[in-house]
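The structure appears right after this line, and notes come after that.
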C-alpha cells in the first residue's frame, strides 16, 4: 500500500531522480486539500451503515427474488454476509480516499473478489448494482448533497474528491463484473 507521498518517492527513486516539479505540485495540492479529504472520509464512515443498508435494500427492491427461499440474501446469515461484504468494500474505499491511492483497495479487497463471489454463486449484476448505489450515496455525502446526514460535511468544492471516490467504486464494479 502506498500513500501519495510514498508513491512519489518510490517513482523518483526508481528513476534515480530527485522529487521535484509536477510531483511536488501534486503533493502540495494533496496537502492543501487535506482537511477536505479528512472531512470527506469522515462523512462516509460516519454514515457507513446507512450507505450499506440503503445499497442492499435498493438491490433487493430491484430484484426481490434475492430474498426468496432460493435467493442469495435469503436467511439471516446470508443477509448478514451481504451487509458485511458491503461494509468491507466501503471501508477499503475509505482507506483509498484517505491515502489518495487505490492500491490498498486493489490489494486487500478486490484481489480475487470476483472469483470468490462466482464460486459462491453470488450474482455479479446484483453486486454491481449494490456498489453503484453505494457510490451514489458516498458521492452525495462528499458533495454535501445527501438528504440524510449525521454530521456536517466538507465545505467548499469537493468535486475532485467526489470524482476520486467514484473512481474507487468504479474499480470495485470492474473487479466484480
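Backbone N, Cα and C atoms are what each Cβ position is placed from, and that goes for glycine too.
These features come from Swiss-Prot:
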type    : residues                            : note
BINDING : 28, 35, 39, 154, 155, 156, 157, 158 : (2R,3E)-phycoerythrobilin 3 binding site
BINDING : 50, 54, 61, 129, 147, 148           : (2R,3E)-phycoerythrobilin 1 binding site
BINDING : 72, 77, 78, 82                      : (2R,3E)-phycoerythrobilin 2 binding site
MOD_RES : 72                                  : N4-methylasparagine
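Feature map: Swiss-Prot annotations on the structure.
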residue: 28; record: (2R,3E)-phycoerythrobilin 3 binding site; Cβ contacts under 8 Å, 6 or more apart: none
residue: 54; record: (2R,3E)-phycoerythrobilin 1 binding site; Cβ contacts under 8 Å, 6 or more apart: 133, 137
residue: 77; record: (2R,3E)-phycoerythrobilin 2 binding site; Cβ contacts under 8 Å, 6 or more apart: none
residue: 78; record: (2R,3E)-phycoerythrobilin 2 binding site; Cβ contacts under 8 Å, 6 or more apart: 72
residue: 82; record: (2R,3E)-phycoerythrobilin 2 binding site; Cβ contacts under 8 Å, 6 or more apart: 56, 72, 73, 130
residue: 147; record: (2R,3E)-phycoerythrobilin 1 binding site; Cβ contacts under 8 Å, 6 or more apart: none
residue: 156; record: (2R,3E)-phycoerythrobilin 3 binding site; Cβ contacts under 8 Å, 6 or more apart: 36
residue: 157; record: (2R,3E)-phycoerythrobilin 3 binding site; Cβ contacts under 8 Å, 6 or more apart: none
residue: 158; record: (2R,3E)-phycoerythrobilin 3 binding site; Cβ contacts under 8 Å, 6 or more apart: 36, 40, 142, 143, 144
Cβ within 8 Å of the mean position of the Cβ atoms of 72, 77, 78, 82: remaining residues of the chain near (2R,3E)-phycoerythrobilin 2: 73, 74, 75, 79, 80, 81
Count the other Cβ atoms sitting within 10 Å of the Cβ of residue 35 ((2R,3E)-phycoerythrobilin 3 binding site), across every protein chain shown. 12
Give me the CA-CA distance between residue 35 ((2R,3E)-phycoerythrobilin 3 binding site) and residue 129 ((2R,3E)-phycoerythrobilin 1 binding site), in Å, as a whole number. 31
Length of the line joining the Cα atoms of residue 61 ((2R,3E)-phycoerythrobilin 1 binding site) and residue 39 ((2R,3E)-phycoerythrobilin 3 binding site), in Å: 31
Under 8 Å by Cβ from residue 129 ((2R,3E)-phycoerythrobilin 1 binding site), same chain, sequence gap 6 or more: 58, 59, 62, 63
